[in-house]
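Per TrEMBL, the features are as follows:
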{"type": "TRANSMEM", "residues": "25-48", "note": "transmembrane segment"}
{"type": "DOMAIN", "residues": "41-292", "note": "domain 'G-protein coupled receptors family 1 profile'"}
{"type": "TRANSMEM", "residues": "60-82", "note": "transmembrane segment"}
{"type": "TRANSMEM", "residues": "102-124", "note": "transmembrane segment"}
{"type": "TRANSMEM", "residues": "144-168", "note": "transmembrane segment"}
{"type": "TRANSMEM", "residues": "197-221", "note": "transmembrane segment"}
{"type": "TRANSMEM", "residues": "241-260", "note": "transmembrane segment"}
{"type": "TRANSMEM", "residues": "272-292", "note": "transmembrane segment"}
Amino acid sequence: MSCPNRSSPLSFILTGIPGLEDAQFWIAFPFCTMYFTAVLGNITLLLIISTDASLHLPMFYLLSMLAAIDLVLTTSTMPKILSIFWFHSHEIDFEDCVAQMFFIHSFSTVESGVLLTMAFDRYLAICKPLRYSAILTGPTTAKLGLAAAVRGIAIITPLTCMVTSLSYCGPRVIHHSYCEHMSVVKLACGDTRPNSIYGITAATIVVVSDSILIAVSYVLILREVIGLSSREARLKSFGTCSSHIGVILLFYMPGLFSFYAQRWGQRIPTHLRILMADLYLLVPPMLNPLIYGMRTKAIQGRVLSLLWQ
């Protein structure tokens, strides 16, 4: 990725959570615990799926993609956030800041695409069980994952280039815990409307299109489940769907709140906005392995076997 660079500072200063500076040292402890849980859970999921041949199926390939994305999202932000909270390491190089912003926004977009693919997987498994293995093969799953990755990178690369092409002549202080797009753009001189318009338009199109398609998938799934004759099968399907929907809401709702509050939420306390933005990159990666992975009997059995050994 090669982008033009007009007049960039050598570094920025990340404040952490404005208004909660005195509490940041203690806030770091639950953050660190959640980060450790997220890393351990997602790495465990990746190791189990990669080493167990019986799990080399489309659904588990998608779980692997989700785990890898969550590892990138948390690791691109949490070490720096913890260093700010514990060691007052507020400075970040301009290049590192841009790289962090690229990873956060591109992999969030990729994760949205993977969640959409997982909804399609559940639709086929419940509504078209006889055609499932013929439609969603291993190569098809890989192509869908690659398409999600290409889309995320293609959407965020122009946004990143637009940020690097701006001139920065004001204060170097970013009132955030990490390099979020609009927090960086606010420090630039000149006309930043193209950045704002592109960022809002891209985020809205991705979220609206993906969430509508996910909603349609689960409406069709629920309609099919209600028609099942077996009460046990209905309860099992409802349980699976409710956990998946919970993860999807957990990903989209805080993300949308953080994104739009950064632009129009001046009345919302700053510390609340930043805290929600931090948790958005921490809570879903921590819960995804538990909700998606550990509730799957095949993965449960493999984890218990490893613990027993």
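Backbone N, Cα and C atoms are what each Cβ position is placed from, and that goes for glycine too.
What you are looking at is a predicted structure, and each value in this text was computed from that prediction instead of being measured.
Recorded stretches compared: 25-48, 60-82, 102-124, 241-260, 272-292; the one with the most Cβ pairs under 8 Å to the transmembrane segment (197-221) is 102-124.
Outside the transmembrane segment (60-82), and at least 6 residues removed from its termini, the chain residues within Cβ reach (under 8 Å) are 14, 16, 28, 31-32, 35, 38-39, 42-43, 45-46, 49-50, 89, 92, 100, 103-104, 107-108, 110-111, 114-115, 117-118, 121, 138, 141-142, 145, 148, 177-178, 278, 281-282, 284-285, 288-289, 292-293, 296, 298-299.
Outside the transmembrane segment (25-48) by six or more residues, the chain places 17, 55, 63-64, 67-68, 70-71, 74-75, 78, 81-82, 85-86, 278, 282-283, 285-286, 288-290, 293, 299, 302-303, 306 with a CB less than 8 A from a CB of the stretch.
In the predicted model, the domain 'G-protein coupled receptors family 1 profile' (41-292) shows an average pLDDT of 88.
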